[in-house]
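As recorded in TrEMBL:
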TRANSMEM  133-154  transmembrane segment
TRANSMEM  166-186  transmembrane segment
TRANSMEM  217-241  transmembrane segment
TRANSMEM  262-280  transmembrane segment
TRANSMEM  286-305  transmembrane segment
TRANSMEM  338-358  transmembrane segment
Amino acid sequence: MPTTPNRMTSVAERSPTHLRLLPRCLSGAAIPRTNTAATMQALKVRSSAPTLQRRAAAVPSVRRSPLLVRAQAVSLGQTVTANGNGATTSAQPIQVDVNVPQPKPELLGPVEAYQYVAYDGAKKAAMTPFKTFVMALYAGAYIAFGGFLGLTVCNGCPALVAANPGLAKLLFALVFPVGLTMNTLHGTELFTGNTMKLPAAIYEGKTNMAGLIKNWFWSYSGNFVGSLLFVAAVVASGVLAQGAVYPIKTAMYKASLPWGQAFIRAILANWLVCVAVWNAGAASTLPGKVLGIWPPIAAFVAIGLEHSVANMFLIPLGIALGAELTFSQFIFQNLIPVTLGNIVGGLVFMGTASSIFYGAMGGAKKMSEAAAH
């Protein structure tokens, strides 16, 4: 029998007869001679096994869907080659590794969720100032989108606001979380969430104080600039006209809070915001992330707590639409105490407390030390 070419035969070239003869070729069994053409095709497949070996070795590991049956290896069977004298030789079975990833749980436990927080904080600390600033611009704009939505809805219901202000506040609260949802899904840089993540990264040995200061400075600056740019866009859009009652009333109320009250409200607000950020990081599905974000954010807004990045939009917008406030009043009467309170809420009540519960502050080995071993 002449030597057959060492090439692969595509499935499209094989007839049902070829496929029936293929097992016999691979096992070395006798092949009936009633169909010479089918026999030759089957032998071509058999003689191409060395090529199949080389190609299988060059193929990287294949990712398989968790829905498929788990397999540690796939045996392509014995390969049989034919030489010019009709003799046959057999080789060992080819083993092709198939990596089957473990399905990710829909919700991480508290320990794993804290580890995610710390590692995410380390990743944020390693980013360049430019990238942090640009991503923070978007974060400020996304939070402003939530405020813009709430103001527009409530401003369009003046009778409801006058007759039932509590219900109007609840309506605002129920739509406001769209801003943090966009931030979470887009992965932008929100200063208030970073007050939890960067301290956790420091506690677990994943970054240092310089990384924290760099991230906090540029994320806060980007949030502020993004919020002010969004104010300009809202004013230019004309959706909320000059003299719009609800935005002006909201700005006046926030800027009139005593310093101490604003500080305490800000601590409580960012405690809830960081819980929402924690929940979203622990969930691996879109519904899980949304459900993790919505209740804590709606709660802090309905209660009447203070969030620095939200106020970077709400109060300047009120000023732009006619509120009798100056920009310095906004900074010194609201933004400074609220920013300080937000830092305490994220740093102490979430970052530090979580490290005591699940990390190095509570006696566990630092993540950097665990990785070294």
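Just so it is clear, glycine is given a Cβ too, placed from its N, Cα and C backbone atoms.
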**Study point:** Contact check, the transmembrane segment (166-186) vs the transmembrane segment (133-154), 3+ Cβ pairs under 8 Å, seq sep 6+
**Key:** yes
Point to revise | Top Cβ-contact partner of the transmembrane segment (338-358) among 133-154, 217-241, 262-280, 286-305 (pairs under 8 Å) | key: 262-280
Practice item. Sort out for me which stretch, of 133-154, 262-280, 286-305, has the most Cβ pairs below 8 angstroms to the transmembrane segment (217-241). Key: 133-154
